[in-house]
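**Student:** Encoded as structure tokens, here's the structure I'll be asking about.
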Amino acid sequence: MAAAWQDVVRDAAAVREAAAVAVDAALLAGVLMRTGEQPNASDVVNYAPFTLLPSAVPRALFEQAYAVQQDFNLLVDAVSQNKEFLEQTLASTIKVDDFTARLFRIYKQVLEEGLAQTVFLGINRSDYMFDCGLEGTAALRQIEINTIAASFGGLTSRTTDVHRLVLNVLGKSEEASQLLPNNPAKGLALGIAKAWELYGSQRAVVMFLVEDVQRNIFDQRCVENELWNRNIRVVRKRFRDVFEQGSLDASRRLYMDGQEVAVVYYREGYVPQVYDEQNWEARLLLERSRAVKCPDIATQLAGTKKVQQELSRQGTLEKLLPGHPEAIARIRATFAGLYSLDEGEEGDRIAATAIADPDRFVLKPQREGGGNNLYGEELREVLEKIKDSPERTSYILMDKIKPQPALNYLLRAHSPLQVSECISELGIFGVYVRQGRELVLNQAAGHLLRTKAIEHADGGVAAGVAVLDTPYLV
């Protein structure tokens, strides 16, 4: 924690007063979630969990994360267009991971039929932690890149104002003035609007593909309202609706209930549990259509952990981004150690190393949404069980990041106010639009800081572990 807050953290009376102000400010600003008891009703809501104080982030690492985002956009787009790379990289994974295999089958089917889609929209979020390592000098290390349903661009657009007010209440007006403006919702909407415009039909709508349980609706509404403000019509549909109401015409234009759909923005579809046979059929219908999918299925596959691990291999970036040596250097500087568990001598050696020293590593399955990674004894137990089985190829191994904890208060509805040792994760939103071969938009679109108590190894805000935060650059 920045030295600026040390006096505050130990002042119980000041903290109580600031927390009361903070909660009301969050409700006023719309930093909201529906409740667990009524996840589909907006007549009973509460504030989304957030930190009382903004967390210190090294300025140089923050700027490095922003500087590399356009490079990551380029890379994700390049991977999504490289059939040979995706086939080779995911060959072992699709033998043992049914979910990735089903996605891959749709990908192949759509390619064989011939792509109807000509405009491509990527909205991703690259997540980092600050690794203090042995030397104690913090380094930026990428945890993962989310290429589907990267959330909290809306609520984090509103959290900065809450923290600015809290600092003012605590007599820290100079520090309050240094908090950076941040509006990912606007940046994400800009990308969707550009894709909608290039699709070329004024009457067509943008479809948010949403979950059955929609606790995080206000985060989505922030982006949605930006589109309505541009006079772009938005509809919200579930996979079930697509199955029942969706159709393609002769030129593979997508219609929902008679309305043409220009853009499908996925806020669902990243975990196996949501797919029954009807939903897989709905997904295939969407992928076969001319509508701009965000992401299309190739881009979802580009975000798998196995691809992330393969990108760290010497020479891979050079093949994917020829003629971009500076971009490659910036990307590579953010990589943590990533290791393959494929069958063979190298995989055997890595598995044995991790079993012998599990606290050095994180074991990652091919899953999004937080709360899936394995650490410590649990990592050892799982690897012991699958070390001689092809099942181990559905995981990758990554060096464990060791960030410097700091004191903060995590404000959650119906929870006691207590100080916690915390660590933070920084996400940078990226947006790109490609028409045919031409990249017409490529930019960083804002940031998200999430913070959690150190006793939680894994999990994000939606998983109920991390809370929203604002970076205070030091």
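Along the chain as shown, the residues are counted starting at 1.
The backbone N, Cα and C atoms fix where each Cβ goes, glycine too.
Note that this is a predicted model, so its numbers are computed, not measured.
Sharing the feature lines straight out of TrEMBL:
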| type | residues | note |
| --- | --- | --- |
| BINDING | Arg125, 148-151, 214-216, Gln220, 267-270, Arg450, 461-462 | substrate binding site |
| BINDING | Glu144, Lys305, 364-373, Tyr375, 398-401, Glu425, Lys452, Asp458 | ATP binding site |
| BINDING | Glu144, Asn146, Glu368 | Mg(2+) binding site |
| DOMAIN | 204-302 | domain 'Glutathione synthase substrate-binding' |
**Student:** What whole-number Å value do you get for the CA-CA distance of Gln220 (substrate binding site) and Lys400 (ATP binding site)?
**Tutor:** 32
**Student:** By CA distance, which of the binding-site residues (Asn146, Glu368, Lys400, Lys452) lies nearest to Arg215 (substrate binding site)?
**Tutor:** Glu368
**Student:** Within the domain 'Glutathione synthase substrate-binding' (204-302), what mean pLDDT does the predicted structure show?
**Tutor:** 98
**Student:** Provide, as an integer number of angstrom, the distance between the C-alpha atoms of Asn146 (Mg(2+) binding site) and Val461 (substrate binding site).
**Tutor:** 15
**Student:** What subset of the binding-site residues Pro365, Tyr375, Lys400, Lys452 lies within 10 angstroms of Ala149 (substrate binding site), using C-alpha positions?
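**Tutor:** Taking Pro365, Tyr375, Lys400, Lys452 one by one, none has a Cα falling within 10 Å of Ala149 (substrate binding site).
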**Student:** Other than its own, how many Cβ atoms are within 10 Å of the Cβ belonging to Glu368 (ATP binding site)?
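**Tutor:** For Glu368 (ATP binding site), the count of other Cβ atoms within 10 Å is 18.
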**Student:** I need the nearest neighbour of Glu268 (substrate binding site) among the binding-site residues Glu144, Pro365, Glu368, using C-alpha distances.
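**Tutor:** Spatially nearest to Glu268 (substrate binding site) by Cα position is Glu368.
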**Student:** Tell me the Cα distance separating Val461 (substrate binding site) from Lys452 (ATP binding site), rounded to the nearest angstrom.
**Tutor:** 9
